[in-house]
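Colleague: Got these off TrEMBL a minute ago, pasting:
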type     : residues                              : note
ACT_SITE : D323                                  : active site, proton acceptor
BINDING  : K29, G102, R130, Q177, R354, R395     : phosphoenolpyruvate binding site
BINDING  : K29, S30, R34, S175, Q177, D323, K350 : 3-phosphoshikimate binding site
DOMAIN   : 16-427                                : domain 'Enolpyruvate transferase'
Amino acid sequence: MSAAAELQQAWTAVAGSPLRGRLRVPGDKSVSHRAIMLGALADGVTRVTGFLEGEDTRATAKVFERLGVRIETPSASERIVHGVGLHGLRGSDAALDCGNAGTGMRLLAGVLAGQAFDSVLIGDASLSKRPMRRVTEPLAAMGARIDTQDGGLPPLRIHGGRALQGIEYTLPVASAQVKSALLLAGLYAQGETVVHEPHPTRDYTERMLAAFGWPIEFAPGYARLCGGHALRATDVAVPADFSSAAFFLVAASVVPGSDLVLDAVGMNPRRTGLLAALRLMGADIVEQNPRSEGGEPVADLRVRHAPLRGVEVPQALVPDMIDEFPALFVAAALAQGRTVVSGAAELRVKESDRIASMAAGLRALGARIEETPDGAIIDGGALHGGEVDSLGDHRIAMSFAVAAQCARGAVRIGDVANVATSFPGFEALAAQAGMRVDPA
Ligand code: S3P
C-alpha cells in the first residue's frame, strides 16, 4: 500500500456488546524503546521479551541496525540485541528515520550527541512539527552541537566528536523524554549530570540504567549519574502498556454490562494517573494479583461498568496520565456532570494537538466541550454517530473507537493508520472484548 493510501485508512465503529473476558494488550512503548537503546549500547547480548512490535519501536530498532547493531527477531514480541558497547556504534550516511516517535527522536538526540560521528534524525509529518528545543538547548549546554530547522523543528543534524560536560538542569516542563535524553548524553559526559523535574515523570531510563549496571542515583523528580562507566547486557521483560490498557479501562467503564480483565498491565506509579482519575469519577477497577515482573510493578486489572460522574481532574495527576487524556475526554463526555481538565498544555504538542483534536471530534458527535489553553471543560451527556478525524494520531483514533461503543449511530474515524505505531492489532483485540471496530 502506498503511504498516501495508508494515510486514508478509516474505521467505522459502532456500539458492540458489553466488554467481557480477559485480554493482554501489547508491550509498553516507553520500555521497548529504552530496551533497544540500552541493549545496543551495552557489552553483551540483551534478550527483550514482551517487546512492542509497533512502528515506533521498530523504527528505533532500525536506527540502531543502521548504526551497526545486530538485532534478531526470534518472534514478534522478542528481540535479541547484540550490544556493541558504549563506543561501538558506527555512523550512518543515510538519515536516521524515527517515524512518528517523539520518544525515539528525543532519546536518540541524547545518545548521538555523544558519538564521534555526525548523524541526521528525521521523522514523519507529525514528528516534523514537534518541538525539539526542549532537548537541543540543554544538550547544547552540555557541549553538544545540534542544528534544527526554523522554530527548533526536526530534522536534527547532530555533530559528532564533541566533548560533553555534565550539567545540573531543572526541566522547565515535566518530560521523561527530555530527562532521558540528558541522562543518555550524560553517559558520554565528563563529570556529573543531574536532572531535576518540576513533577516526577516515568523513571524507566533510570531503572533500566541501574539494571544494566550503570551507577545512578534517583528518586521521584531527581536523577544523577556520572560518565565513564559501562553498560552490562541484561534481559528485559516488558510489561503490557498501561496507555494501551487505558482504552479498555474506559470502554468497559462506560458500556453497561461490561466485566473485563486486562492481564499483567504495567503499574509504574508515574503511568497510572488515569486509574486515579477514573476512580474519582466513580469507576469500578480492581487491581488483582499485584506482582513485580522484570523489575516493574504489574497487576491484572478487573474493570466493571459503573456510572461515571464529572470531576475536576487534579493537576498533580497530569504528568502521570499525560498520554491518557484522549481516553479521559471520552469518559468525561459520557459522564454525568462537568469535567474540568487544566494544567495540561503539553497535550497541544503531542502527535497532534490533542485538546483541539478531541474537542473537534467530540463536538461532531454532539458533546459539549469548550477548549481552554491548557485543557478543556466537558459537560457529559449522550453522543450520536458522525464523522471524526483522528489527524493521524493513534490515541485519538482509538479514543473515538471507544466513544462509538456508547454512541447512537455509527462513528466513521478517519486517518487511523498510525494506530500501528503503538497498538498493532487493536481492532482484533477490541473485537475479542466485544467492541465493534471495522475497516470503513
Ligand atoms: C514518554 C514520555 C512522555 C509521553 C510519551 C512517552 C517516554 O512524553 O507522552 O508518550 O517514553 O519518555 P514527554 O516527555 O514529552 O512528556
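We count from 1, first residue shown onward.
Glycine too: its Cβ is placed from the backbone N, Cα and C atoms.
Worth saying up front: this structure is predicted, and the values here are computed from it rather than measured.
What's the neighbourhood like for each of these?
Modeller: D323 (active site, proton acceptor) falls within neither a helix nor a strand when secondary structure is assigned with DSSP, and so counts as coil. Around D323 (active site, proton acceptor), the same-chain residues at least 6 positions away in sequence with a Cβ under 8 Å from its Cβ are S243, A246, K350, R395.
Neighbour list (Q177 (phosphoenolpyruvate binding site), Cβ cut-off 8 Å, at least 6 residues apart, same chain): G102, T103, R106, L107, V135.
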Colleague: Whole-number Å only: compute the distance from the Cα of S30 (3-phosphoshikimate binding site) to the Cα of R130 (phosphoenolpyruvate binding site).
Modeller: 18
Colleague: Based on Cβ atoms within 10 Å, give me the single least packed residue among the binding-site residues R130, R354.
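Modeller: Lowest Cβ count within 10 Å among the binding-site residues (R130, R354) is R130.
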Colleague: So for S30 (3-phosphoshikimate binding site), how many other CB atoms are inside 10 Å of its CB?
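Modeller: A 10 Å sphere around the Cβ of S30 (3-phosphoshikimate binding site) contains 28 other Cβ atoms.
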